[in-house]
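Q: Features from TrEMBL:
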| type | residues | note |
| --- | --- | --- |
| DOMAIN | 1-136 | domain 'Cytochrome b/b6 N-terminal region profile' |
| TRANSMEM | 7-28 | transmembrane segment |
| TRANSMEM | 48-69 | transmembrane segment |
| TRANSMEM | 81-104 | transmembrane segment |
| TRANSMEM | 110-132 | transmembrane segment |
Amino acid sequence: WWNFGSLLGLCIIIQLITGLFLSMHYTADINLAFSSVSHICRDVNYGWLLRNIHANGASLFFVCLYIHIGRGLYYGSYKNFETWNIGVFLLFLVMGTAFVGYVLPWGQMSFWGATVITNLLSAIPYLGGFLVQWVS
């Protein structure tokens, strides 16, 4: 129950290591991104395993994160204002990072996920247009 913060750290380390190895074969071009992910899964030795560990590691990270937040809510950690605000800031940072990681393969799900998120951002009054330009 109290170890989910440490598990989050372990998940981040696994994500960084697998992401580093995946980035060695990834092409960050909108026309080649999907084919480079396919190349990683099919042609790179154990590339399929690295990608699956990376994808499932992200899901495990969010499971641990939600349990960590739930524990904080249950025990009233929000009463410590500075710590709670840092946690909320980190939550938004993690959500942004997850969005970028979701969009990187640039398949159909990535495209429509990016479309939905940018449409949601455009609905924010005054800042929406700026945020959409910043994200895209």
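Even glycines carry a Cβ here, placed using N, Cα and C.
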Q: Pull the DSSP breakdown for the domain 'Cytochrome b/b6 N-terminal region profile' (1-136) and write it out as helix, strand, coil residue counts.
A: 107 helix, 0 strand, 29 coil
Q: Along the domain 'Cytochrome b/b6 N-terminal region profile' (1-136), what average pLDDT does this model show?
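A: Averaged over the domain 'Cytochrome b/b6 N-terminal region profile' (1-136), the predicted model reaches a pLDDT of 95.
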Q: Would you mind listing the long-range same-chain contacts of the transmembrane segment (81-104), meaning Cβ under 8 Å and 6+ residues beyond its ends?
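A: Result: 26, 28, 33, 37, 58, 61-62, 65, 69, 72, 110, 113-114, 117.
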